[in-house]
Amino acid sequence: MPQACYCYENQPWRSMFVQRNDMISHLNTTRRSLILSRTENISRLLPMQAKKLFKDCCNIFLSGIVTGLTRIMKFLSPSVKLTDEQTQSGLRYIVKESLAGEVMVNLTGGTFLVSMAVFMGASNFQIGLLASLPIFTNVFQLASIWLVHTFNNRRAIAVLTSVVARLALLIIGAIPFIFGKSANVNFLIALLTVHYFFGSLASASWNSWMKDLVPEKTLGQYFSYRTRLMQILSITTSLLVAFFIDFMKVHHPDMVNTAYFVMFLVGSGVGMLGVYLLSKAPEPKAEPDSGKVLTSFQKPLRDPNFRKLIFFNSFWSFALDLAVPFFSVYMMKTIGLPLSYVMAFTILGQLSSISSLKLWGRYTDRYSNKTIIRICAPVYISCIMAMAFTSLPSGQLYSIILLAVINIFSGISTAGINLAVSNIGIKLAPREDAMSYMAVKNIIVSLCAAMAPLLAGMMADYFSHHELEWNFQWQGAHGVTVIQMISLKGLNFFFVIGGLLAMLSLRLLPGIKEQGEVEKDRVVGYMHKRIRSGMRENLVLRSIASYRPGKFSVLLKKRFSEWQ
């Protein structure tokens, strides 16, 4: 019986197998299409979602900053009325903050900043730019006026802008630890621009704040006391830092660059301590100004009396900055004195200034700032013009003695001039517009002061090839004797020109009206009387030291009657 043939096609499960394979293939195709479609959707939606996420993060970050600033502004909000205890406490905090700021300035500016820039390989143009940054950034004090006009919170503005300014110094100090040797001078200049910009904003707010915080009757004594402490600390800090840098150059020359940056770190830290102390000082609430900001800028220039003060101060600063910035260069290059001698003369002038500040502070409060300027300015002008005679061929000992006398009297006179010029600006500015008045004055005076050394630098090459001599000649039987009276060459011309221009600027001073003016001769007479009285008191103390019972009782009765 024939056997049936096995055929695969005829199997009943074949259709089921094919259907299963078709279904799997269809599912795979569908899955692939879904994956591709989802990938396309994701690739299309991802940028939109990323943008939305970035926008949300920025909004959260900005809202956090705004919330934080709002809380800080509320915490630093001014007080409606200050008690005497709050005022005295605030004045003490301001002095402490000023001392911290002086340490910061000595560690991060001046001669040490220039030395650091030279060590980093800065060009002459870059060094000049570093020197001009603090002056030119004063223009941005106008922005501070707008901030105070908008928020009416001078303490918060001064504190917050000071924080940003001193953070820039912290970043400078961290340069070698973050960037290594790849950082250049341009990066340093950029960060210092940020520092000086926000520092100018803080300065304008601070001036207006002090106008309301410091009692007007003790204005001179308070700022003379503050300046005296700052100068003492400045001398101490400068000497310590100079010895530190010299030590590093001799014993660790490969670490000098790092030492400069460490100075910035320390200076920034001390500066932040100063910001904390500044935040502890209270602020009297100022009356809100309903006028426009542009109008507040124009008010000082429309005030005839204050406009005369601006004109005098600008002319005076221009005249001085033609000569004074070249004193150190003149002593080292023309006279040939070593740097240690120049530092000694500088310290001698600062010590003279410190010793006389208390005297000038008392007299500015008792009499007037104009009177102090009229007394001190001729002395200072004489010192400037006397610098032209220090290079006469009479021996270096003559030059050293004359320089010592010049620095003593210039220190005494500049203490009175700087205190009086600063105080008269605060005194003449109306309380409600003090900030705009002081800011406009500082901007105009700074621009004039910045122009003077630039002009002197352009004229220096011309005067270096010209000379003016004035000699006396005596001819007798034994020959001819020539006595040299004046020899002007190079920088000497600037001392004479600057002194003459300063004398001309004093002709503008009588046009300024100040409350409580006293004649110059009366104040000079009173000063002579006080000096004689002081000498008498010294004689009394000597008599007491050589004690005799009978004489001592007579002296006590005499002094008691004088006190009564």
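The backbone N, Cα and C atoms fix where each Cβ goes, and this holds for glycine too.
It should be emphasised that the depicted structure is a prediction, and the values quoted were computed from it without experimental measurement.
If you look up TrEMBL, you'll see 99-121, 127-149, 156-179, 185-209, 229-247, 259-278, 309-332, 338-360, 372-392, 398-421, 442-463, 483-504 marked as transmembrane segment.
Between the transmembrane segment (259-278) and the stretches 127-149, 229-247, 372-392, the greatest number of Cβ pairs separated by less than 8 Å involves 229-247.
Long-range neighbours of the transmembrane segment (372-392) within the same chain, counting only residues 6 or more positions beyond its ends whose Cβ lies under 8 Å from a Cβ of the stretch, are 316, 320, 323-324, 327, 330, 334-335, 360, 363-364, 398-399, 402-403, 406, 409-410, 412-417, 419-421, 424, 484, 486-488, 492, 495-496, 498-499, 502-503, 506, 509, 520, 523-524.
Through the fold, the transmembrane segment (99-121) approaches residues 127, 130-131, 134, 166, 169, 172, 184-185, 188, 229-230, 233-234, 237-238, 241, 245, 256-257, 260, 263-264, 266-268, 270-271, 273-274, 277 of its own chain, all at least 6 residues removed from its boundaries and within a Cβ separation under 8 Å. Comparing 127-149, 229-247, 398-421 for CB pairs under 8 angstroms to the transmembrane segment (185-209), the maximum falls on 127-149. The transmembrane segment (442-463) shares more Cβ pairs under 8 Å with 127-149 than with any other stretch in the list 127-149, 229-247, 338-360, 398-421.
Sequence-distant neighbours of the transmembrane segment (127-149) (same chain, 6+ residues past either end, Cβ-Cβ under 8 Å): 109, 113-114, 117-118, 157, 161, 189, 192-193, 196-197, 199-205, 208, 289, 293, 296-297, 435-436, 439, 442-443, 446-447, 449-450. Sequence-remote contacts of a segment are chain residues at least 6 beyond its ends whose Cβ falls under 8 Å from one of its Cβ atoms, and for the transmembrane segment (229-247) they are 95, 98-99, 102-103, 106-107, 112, 115, 256, 259-260, 263, 343, 347, 350-351, 353-354, 357.
Residues 220-221, 224-225, 227-228, 231-232, 234-235, 239, 242, 328, 331-332, 372, 376, 400, 403-404, 407-412, 414-416, 419-420 of the same chain lie 6+ residues outside the transmembrane segment (338-360) yet bring a C-beta within less than 8 angstroms of a C-beta in it.
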